[in-house]
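Trainee: Provided herewith is a single structure, encoded as structure tokens, for subsequent inquiry.
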């Protein structure tokens, strides 16, 4: 099949997590449950923050954005997978695959940058508490979120623009449960040097530098906490940073786990299972981490659910 000039009619085959027919109902039920929990959990976080005036602060503004990104990240991957399992049709069109590649890069970039912005917010709150509301004013908060979205859009568009010049003329089977750029590049029969170079460069810039920013912020936070004389002040500072630090550890831990698994094994099934942790499990767990470890969010959720129950 000569597909190089017919990408509009090209279809890829997503092999999924397993080709065993007996496992498909279990996989469908598991991923449907995780997706519903992800959407409901993150939606509750957004509603709790928007309905409680005490949470109308920079920290929770960034958190509501993070929850929205987590919903979108899962939505760009899981529903298509569920449809493929239910219809027993593993095909995905070239344009749908292109769209999935775009959003599967876009939302993790937003996650990375938002977590970095949140680390800076905690740094200002702990190290410069008297000037916190002056520094983290609504204009700056809006600008920071806008810049993260702009970087995500431009970076993802750059990847997609290079991908659209690729020629596919051989195997169209993707040994994964969604269209991921690295797998698409392996199927191309044209030169992918620029694509691969851009991936490594952007991974360094948008992966390593934000992590260094987070590490720097928390090193300064730790230094400030050690200098505090009040045990109550230390406890309050630790409680405000604990949930964010847990989410950062989970996000980067699963992300590094996927890259490590890809480096040490050629088993596509093992890589796919590792990717589940990064793409599905992490967005699902984030609202639980914030609601269980943050008293303000827990209280807002309790009030929201109480009001909802009284209306029934």
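Placement of Cβ uses the backbone N, Cα and C atoms for every residue, glycine included.
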Trainee: For the transmembrane segment entry in Swiss-Prot, name the matching range from 26-46, 173-193.
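Mentor: Per Swiss-Prot, the stretch marked transmembrane segment is 26-46.
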Trainee: Tell me if residue 78 and residue 227 end up on the same side of the membrane in Swiss-Prot.
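Mentor: That fails: Swiss-Prot puts them on different sides.
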Trainee: Is the count of Cβ pairs under 8 Å between the transmembrane segment (100-120) and the transmembrane segment (198-217), pairs 6 or more apart in sequence, 3 or more?
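Mentor: Yes, the stretches contact each other.
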Trainee: Which of 26-46, 140-160, 198-217, 238-258, 272-292 shares the most C-beta pairs under 8 angstroms with the transmembrane segment (55-75)?
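Mentor: It is 26-46 that shares the most Cβ pairs under 8 Å with the transmembrane segment (55-75).
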Trainee: Provide the number of Cβ atoms within 10 Å of the Cβ of residue 189 (disulfide bond), excluding the reference atom itself.
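Mentor: Residue 189 (disulfide bond) is surrounded by 13 other Cβ atoms within 10 Å.
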Trainee: Would you mind checking how many other C-beta atoms are within 10 angstroms of the C-beta on residue 97 (disulfide bond)?
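Mentor: A count of 25.
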Trainee: Of the listed stretches 26-46, 238-258, 272-292, which one has the most C-beta pairs under 8 A with the transmembrane segment (198-217)?
Mentor: 238-258
Trainee: Which residue counts does DSSP yield for the topological domain 'Cytoplasmic' (121-139) in the helix, strand and coil classes, in that order?
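Mentor: Helix, strand, coil within the topological domain 'Cytoplasmic' (121-139): 16 helix, 0 strand, 3 coil.
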